[in-house]
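Let me begin by presenting the structure, written as structure tokens, before commenting on it.
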Amino acid sequence: MSAPGPARNRAPAPPAPIDPAARPALPRGVRVRWDAVRQGWVLLAPERALRLDQIGVAILERADGARSFADIVADLAAAYDAPPERIAADAGRFLSALAARRMIELRP
Amino acid sequence: MTAPDPQTAPRQAPEAPPPPIAMLAELTHRCPLSCPYCSNPLELTARSAELSAEEWADAFRQAAALGVLQLHLSGGEPASRRDLEQIVAAAVEAELYTNLITSGVGLTPRRLEALDEIGLDHVQLSLQGVEAGPADQIGGYRGGFARKMEVAREIARIGFPLTINAVMHRRNLDRLEETIELALRLGARRLEVACVQFHGWAMRSRAALLPTREQALRARDVVAEARERLRGVMVIDFVPPDYYAEFPKACMGGWGSTGLNVAPDGRVLPCHAAETIPGLSFDNLRRRPLAEIWLRSEAFAAFRGFDWMEEPCASCERKTRDFGGCRCQAQAMTGRASATDPTCSRSPDRAALDAALREAAEAGAEAPLVPRAPAPG
Ligand code: SF4
């Protein structure tokens, strides 16, 4: 989903690897909300509304500025009983695409 | 993660539109500036006809129930309303993501602090130029630029996420690099490089405002370079001057499909320029529920889906991507709102576009501008 307005011109985001020690956090003006009309979670940011799937919600729930990326990956791997390498690749791609659009901060 | 977007998939049943995502609320047509490219209608709404704060609050509740997530408070200058704080509070209470679109004039530090406390999500500040002289000349408001710089500093101090909306045209497009630098210095998270669109009032100054082809090409390269350099620092959205494009822009993501626009007097429009299309009749929030307007209003149904299209759009493979371009631009240049947008290279009406380009070339850089006339009191 994206709001009407100027052309988006979404730049392709070559996934930059995320520092395992970086602590992802939602910056001010970016939030996750339940959308009762569409029955799903959405990420709201300036001029943007993105529908989130279950994994996206799970990652962003943990992006609290306290946990490191490595912690988040380990936690998700345990919760979903999935190989950590795959989680790291998927979550890394997701978070770096959001970081390129300034919808997530990667705190050192 | 983000799922594929059902809203952009081609719709087979135009009679059942998905819920709108965004609403643009034009709180007033009053504005201290008088930009020659003003996108408000030729006939402005008088103050006495404006919706009250209570009526806006009701509109926001209806919008949220309908599925609107993003609310843009615009004008005119929204800060011209003394009850702006009350209106923002109602938007926050309706749980809408609330964006204030402003020139900055009328926003004192105290008002900004109050808006912060109330819970305003985001501010979008317009920029007419990179220095006081030319910027204030375009905006027609002495001291406007200096005021804007102060407002930007206040916004940064408070911590609001900031988008700078730089309106670009022939007279300032050569200063695009400086514009990008200024947005960075002001701490913007996003920059919209928005080349002037021509319908309504802006049409009167088209010959003076239309960039040259060289300017348009250079702007594209400057934006591409800056995007690369500023990845993760500042997001740049670019609305290119579409007279030089091969294909038109996907205006509104398709008519009546993602957004709606409420005029100061409560009329609900599919886009903010829709009044330039003769023969469309608009429903008013004061008389009809918003959900019903979205689903059934004649103006929304007029260009929904694909059945209204003429050739070449009707049988074109790109129609699900650009929806045949902008209806208001088609109207302005061909006299028929259902025509292919003449900025499309496949349009049979390219002569109208070529004539405009010739006119602009002959007019030269010093062609006169027609400042916006003010709203009635
Ligand atoms: S012909 Fe119509 S649908 Fe095809 S590219 Fe042009 S405007 Fe778009």
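Cβ atoms here come from the backbone N, Cα and C positions, even for glycine.
Residues annotated as [4Fe-4S] cluster binding site in TrEMBL: B:Cys31, B:Cys35, B:Cys38. Its Cβ taken as reference, B:Cys38 ([4Fe-4S] cluster binding site) is surrounded by 22 other Cβ atoms within 10 Å in the chains shown.
Residues annotated as domain 'Radical SAM core' in TrEMBL: B:17-233. When averaged over the domain 'Radical SAM core' (B:17-233), pLDDT in the model lands at 92.
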Neighbourhood of B:Cys35 ([4Fe-4S] cluster binding site) by C-beta distance under 8 A, where only residues 6 or more apart in the same chain count: B:Gln128, B:Ile138, B:Gly139, B:Gly140, B:Val167, B:Pro371, B:Arg372
Residues near B:Cys31 ([4Fe-4S] cluster binding site) in space but at least six apart in sequence (CB under 8 A): B:Cys38, B:Gly75, B:Gly76, B:Glu77, B:Ser80, B:Ser103, B:Arg372, B:Pro374, B:Ala375
CB-centroid shell, 8 A cutoff, [4Fe-4S] cluster site B:Cys31, B:Cys35, B:Cys38, site residues removed: B:Leu33, B:Ser34, B:Tyr37, B:Ser39, B:Asn40, B:Gly76, B:Gly139, B:Trp201, B:Arg372
